[in-house]
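This report refers to the structure that appears directly beneath it.
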Amino acid sequence: MGLLWLPSAVLLVCSAGFLALSSAAPANTPASFSFKENFDIMFAEDHFKTSPDGQIWYLYLDKKTGCGFQTRQRYRFGWFSMKLKLVGGDSAGVVTAYYMCSDLDAAPDRDELDFEFLGNRTGQPYTIQTNVYKSGIGGREMRHTLWFDPTQDFHTYSILWNTHRIVFFVDRVAIRVYKNNGKPNNFFPSGKPMYMFSSIWNADDWATRGGLEKTDWKKAPFVSSYKDFHADGCQWKDPFPACVSTTTQHWWDQYEAWSLTDGQQEDFSWVGRNLVIYDYCKDTERYPKLPAECFL
């Protein structure tokens with residue numbers, strides 16, 4: 001992974017990018033959300049546990065089932081962030097998903113923004129897969145490795161979503177920027193409010209080396225850990241909340257949040273050179289005619 005080659009900005013948790021982002025971020029970061037007040041278990045409640053103080057949440061996967069949770073609120077645009085510590089050791093076949101979706105199930109016309117963490121055999125790095133769905137159509141995968149071991153400690157994974165772009169952040173380092181073109185299109189999800197979800201599940205039919213590496217159930221249960229969920233966005237209220245309008249009254253909808261700063265761009269470029277292992281916009285065998293968003 002070239003850990004010794006990291007630029008100083010990334011070694012300092014991307015100090016340039018962090019400071020640049022903080023100029024657009026709110027002065028007071030919202031307090032962490034209480035699980036009981038803001039989330040529901042989606043399935044297998046007996047595979048969910050919390051720390052004694054309720055501040056750390058654990059999802060368990062065994063051969064019987066995985067587990068997942070979702071926010072009770074929906075949002076349309078904003079900043080959404082969670083600290084995760086991924087399954088350690090032999091995690092081949094295991095997927096931890098952290099994502100936003102417009103529906104409570106896999107509806108065929110859903111909008112969706114995905115982080116998926118693809119486990120691996122012991123000693124091999126995790127792969128992060130991101131994806132974007134608009135009206136049920138995905139196929140917009142990117143895959144990255146990381147500059148740290150995500151199983152040793154908590155790291156922050158965030159999504160910035162406004163009408164101009166979607167940015168996927170890891171520890172406030174932008175790893176993917178997905179742009180809008182400012183016109184009606186079939187690739188940028190902006191019309192539907194979304195819930196925030198996370199889940200752990202078995203995907204050994206595809207997740208590790210295309211399904212060649214199977215889940216070793218002798219290592220179960222597999223546990224993913226969570227804390228410090230933040231949502232600073234437009235909470236949906238029927239029929240249409242005022243905060244959805246592009247008024248630039250919120251930091252995530254102001255000019256500074258429409259593009260990367262010089263410091264963020266420097267770190268983003270480093271990620272592109274060193275950590276990207278798949279980009280659908282460069283897969284001309286899969287897409288002989290590249291999708292329109294690839295040219296933005």
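Using the three backbone atoms N, Cα and C, a Cβ is placed for every residue, glycine included.
Feature annotation from TrEMBL assigns active site, nucleophile to Glu112. Under the heading active site, proton donor, TrEMBL lists Glu116. Summarising the annotation, TrEMBL assigns domain 'GH16' to 20-226. Per TrEMBL, the feature N-linked glycosylation site maps to Asn120. Marked as signal peptide by TrEMBL: 1-24.
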- Whole-number Å distance separating the Cα atoms of Glu112 (active site, nucleophile) and the residue listed as 'N-linked glycosylation site' is 25
- Counting every protein chain present, what is the number of Cβ atoms, excluding its own, within 10 Å of the Cβ of the residue listed as 'active site, proton donor'? 19
- Message: I want to check the contact list for Asn120 (N-linked glycosylation site): same chain, sequence separation of six or more, C-beta distance under 8 angstroms. What comes out?
- Response: Ser91, Ala92, Tyr126, Thr127, Thr208, Glu213
- Task: Note down the number of other Cβ atoms within 10 Å of the Cβ of Glu112 (active site, nucleophile), including every protein chain shown.
- Result: 21
